[in-house]
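Structure, as structure tokens:
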């Protein structure tokens, strides 16, 4: 069970909508993933929509919007501040989300570099603190720096979301040691966000101690999004179960230089018998 800010989810997989080639394919992938929480950029929202009436604004002309789709599927919306570069922009975007969608949850993204989409950790902590003071539950997208993650937690973040690698790269978890450190020290959920390329990345995140995984490109930009969404669902669950089971220690050789099975009961060489036969 994934619990964030007092709300419980059966699924530990959070999906994103960016990069989907069609609304129909997005819907099938979301259902296949089993997700119960999906993030959407507020820049896709148009005035006049509500979660239940967001009919034709953001999809094809005359079609259902992504907000309407999520509402119909019973998936909670996690609005994000993608594209914001300053605290002012992020706070205004969060306020828009609260007014338009009726939620005080926000995924805080402050981008420092348009090419890499890496987060601005200098602005991030202060912005998080201001949003929390204004009644928001902040899920903060951050670097894989354990110090920054801890400062976000101290600022009141409901969850910290360190990247595995830059958004959309599919490079996986480049610094597993740091992710493991963040998880070990955090008292709020740690959600791996960005860089997942395939199922092994998602499973590893859970094995390192993450409470959940957020991904978009790995599913929405692959050759078969529905199949990959299904695979990611199982990968996250497998990683979670493996972490709970506890892996064996890593060693340079077998413990005590002995094989894992006893030699008891195995056939032995009898010299006297061998002489008679030979």
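Just so you know, the numbers here start at 1 and follow the chain as drawn.
Positions of Cβ are set from backbone N, Cα and C atoms, glycine also.
According to DSSP, residue 107 (active site, schiff-base intermediate with DXP) sits within a strand segment. The annotation active site, schiff-base intermediate with DXP is assigned in Swiss-Prot to 107.
Under 8 Å, Cβ to Cβ, and six or more positions away along its own chain, residue 195 (1-deoxy-D-xylulose 5-phosphate binding site) finds 163, 164, 165, 166, 167, 169, 170, 171, 172, 173, 174, 201. According to its DSSP assignment, residue 195 (1-deoxy-D-xylulose 5-phosphate binding site) is coil. The 1-deoxy-D-xylulose 5-phosphate binding site annotation in Swiss-Prot covers 168, 194, 195, 216, 217.
Across the fold, the C-alpha of residue 168 (1-deoxy-D-xylulose 5-phosphate binding site) and the C-alpha of residue 107 (active site, schiff-base intermediate with DXP) stand 17 Å from each other. In this entry, 168, 194, 195, 216, 217 make up the residues listed for 1-deoxy-D-xylulose 5-phosphate, with the farthest two CA atoms of the set 9 Å from each other. Cα of residue 107 (active site, schiff-base intermediate with DXP) to Cα of residue 194 (1-deoxy-D-xylulose 5-phosphate binding site): a span of 13 Å.
Figure note: comparing Cβ neighbours within 10 Å for the binding-site residues 194, 216, the maximum is reached by 194.
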